[in-house]
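Peer 1: First the structure, which I've put down as structure tokens, then a few questions once you've had a look.
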Amino acid sequence: MESQETAKRPIEPNGAVAAQDAEPATKRVKLDDAPVPQIQEEPSQPQPQPQPQPQTEDEKPTEQRQDDRDKRRGIAPIKKEYLVVPPSQVAKTAEVVDDDAAEGRTAPGAEGAAGKDGKKKRPKGQNKEREFGIFADAQRLCNSVAWTPEFSPRHCKHGERCNALHDIRKYLKEGRRPDLNVFGGKCPVWETHGKCSSGWRCLFVESHMKEIEHEDGRKELVLTEDPTKIKPEAAPLVPPEEESMDARAGVYNVVAPAVKLALSRKKIQHEKSDQYLKWMAKDSELARIHYHKQKDDDDVAKDYAAQYVEPPLKPSEKRRIYFGRETPVLAPLTTQGNLPFRRLCVELGAEITYSEMALGLPLLQGQKADWTLMRAHESEITPPRYTPTGIVDPAYDNSKDLKFGVQITAHAPWIAIKSAETLARYLPHLRVIDLNCGCPIDMVYKSGAGSALLDAPSKLERMIRGMNTVSGEVPVTAKIRMGVRDNHLTAQKLVERLALGAPDIRAVSGAPGCAAVTLHGRTRQQRYTKAADWSYIAECAALVKSFNEKADSLQDTIREADERSLPNGGRMYFVGNGDCYSHVDYFNHVDNAKVDSVMVGRGAIIKPWIFEEISAGQYLDKSATERLAYVEKFAKYGMEAWGSDELGLNYTRRFLLEFLSFFHRYVPIGLLEYLPPAMNDRPPAYKGRNELETLLASKNYLDWIKISEMFLGPAPPNFKFQPKHKSNAYENIEAEG
């Protein structure tokens, strides 16, 4: 870790680290560990309007210089006074990032560290096999005393064999580092909830402990509470079982350890899934036999219909959901879409959220990491905003709706179906269960899950039908891409199949029961190398509208449909996804592409207040102080979710740095020559309107660590962080040691 004992020097502008030296900006200005950074910022003021003067060709507005705009396509149009290099050198200093790497493993066909000629290549793309160090106290405190008064420990199940500390005073003196002085030394969790779930391990414990003297003269250390701040439904300070110590105030969908243990030992029965899967195997064999016969399609369909057997189970009536222009959607984001980040976005106006994608098989195996992804904050289990202007389902009850849904993926129908039954049984606060059919990363794709399902429409349909049958009242949705390959787009046929069912079986099977489809306007092959294709999304939106109308006619001409297989009264919602970076993008897509709503992904990580802009219908030029306040909130929300002890605090630090790896890419609109901003435009080297704004734009990850230290205290000596997606600047830093 770099020393902070350095002389004060001006912060270099964004990009200068690559052009001049590799010394981080925060090494050139001393930052204290105070809750508010010592960098002073001038209050935000309206920009003075210059008096009209004769303009030279170079001074004309960019709208009048289309040729210049074309020459600089892909480069953020930053005003000349903020550039630190001549305009002719702008393209050379523009930051290059790899958002494909941020999603997971390598892109299709990526080679290893050595090229075809055997020579070692320069590192680029994703940092694979990243390590973050080990975060632990010097001496471990036993759970039997971690939340109890000094003289009233609980029984230690390890007895004399326990190698953890049982002496609280010794632990506080020798077993951990001293209390932190950020936030004035007061525990953010205790200040919010009136108690701290980290107990004696909290790195702010001195703010919520006291020493009491008994009549016999003995002095005892006890933890304190503030009853006025404790909510009735909050978890107890002392967990009834030490394994449930991860229960946090304001966090829902926490599955009991006993359930996860039973899953890992295969002691949980999936009665509905087992019945349905047994029927599905017979039906699939029947379909296979008929479709291999040398007959016309009509004859095959008739033969299949004649021998078709109804499934043993029917779907339960689903809770109605709603998507509209007033319900912007936060995408399920790997790594970035954690609970503290979703909480921040909901606070700023996100109306619908999803968990990070979980793998179905680890869920069925009871793995803690995947079940942790299923947790929701209390703000996510409230109803979404509902101010409809068009025709909506009259049976929709907004008071029963909620914001939070979970996303899973699977490579086999039995995994998807059993996962849906398990999630619906043990998670009481679910809006939907979303099946990811678009994840492009190699590990998922090569297993047959994610975007591999785009080329297996029959298997995908069986998954949706089965999940819908066993998920109780929870609707099932799907997220797809345009296709796997650029020259073979499959989304239109797939959307029809999800809306109506396969043409040859829909007469007997009805609709699969998919409540909504989200289409990402890219192929797997394309990834983020090109802009999202909203014209194709618009074509699919028009098809969905016709399919919804067609579903009504099919009900009239074939047979009376089972209401339980028709979520939302027979209407399938359609959501578009890709490159939404402002309210202008959002409403343009809703009004012109005719989607029900828009899902926001990277745009929300770069500027979470995009949801605030959508609600306000205008651009918001956030000051550096306001943006730093979002970083502070993330830190507080992280400690509430993961704990204020050594482990939880550095878990928060790790995900805060992941957040900053996108957050720093925001270019304030006050610095741009023209609007709207484009998310894929790369910013050249520039300086902000003040030192703090310049610091927040730094692409040096060492600066991000220093920013985290403003709110989380000094990083441990063994803490490590490497950005998930590298840029040229990161390579230079590593090359220069």
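Including glycine, each Cβ sits where the backbone N, Cα and C put it.
Worth saying up front: this structure is predicted, and the values here are computed from it rather than measured.
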Peer 1: May I ask you to indicate which of 142-166, 317-341, 542-566 is given in Swiss-Prot as zinc finger?
Peer 2: 142-166
Peer 1: What range among 187-208, 253-274, 363-384, 451-472 does Swiss-Prot record as zinc finger?
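Peer 2: Of 187-208, 253-274, 363-384, 451-472, Swiss-Prot gives zinc finger for 187-208.
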Peer 1: Besides Pro332, Leu333, Thr334, Lys479, His520, Asn577, Gly578, Asp579, Gly601, Arg602, which of Gln139, Gln407, Gln722 does Swiss-Prot list for that FMN site?
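Peer 2: Among the candidates, Swiss-Prot records only Gln407 at this FMN site.
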Peer 1: Can you give the mean pLDDT for the zinc finger (142-166), rounded to a whole number?
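Peer 2: Averaged over the zinc finger (142-166), the predicted model reaches a pLDDT of 92.
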Peer 1: State the Cα to Cα distance, in Å, between Arg602 (FMN binding site) and Cys439 (active site, proton donor), rounded to an integer.
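Peer 2: On Cα coordinates alone, these residues lie 15 Å apart.
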Peer 1: Work out how many Å separate Lys479 (FMN binding site) and Cys439 (active site, proton donor) at their Cα atoms, rounded off.
Peer 2: 9
Peer 1: Would you mind ranking the binding-site residues Thr334, Asn577 by how many other Cβ atoms sit within 10 Å of each Cβ and giving me the lowest?
Peer 2: Thr334
Peer 1: Among residues Pro332, Leu333, Thr334, Gln407, Lys479, His520, Asn577, Gly578, Asp579, Gly601, Arg602 annotated as binding FMN, what is the maximum Cα-Cα distance? Answer in Å.
Peer 2: 21
Peer 1: With DSSP as the yardstick, break the zinc finger (142-166) down into helix, strand and coil residue counts.
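Peer 2: Summed over the zinc finger (142-166), the classes give 3 helix, 1 strand, 21 coil.
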Peer 1: Could you round the CA separation between Cys439 (active site, proton donor) and Asp579 (FMN binding site) to a whole angstrom and send it over?
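Peer 2: Just about 17 Å between their Cα atoms.
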Peer 1: Report, as a single number, how many Cβ atoms besides its own are within 10 Å of the Cβ of Cys439 (active site, proton donor).
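Peer 2: So the Cβ neighbour count for Cys439 (active site, proton donor) comes to 24.
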Peer 1: Please report the three-state DSSP label of Pro332 (FMN binding site).
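Peer 2: Once the DSSP labels are grouped into three classes, Pro332 (FMN binding site) ends up as coil.
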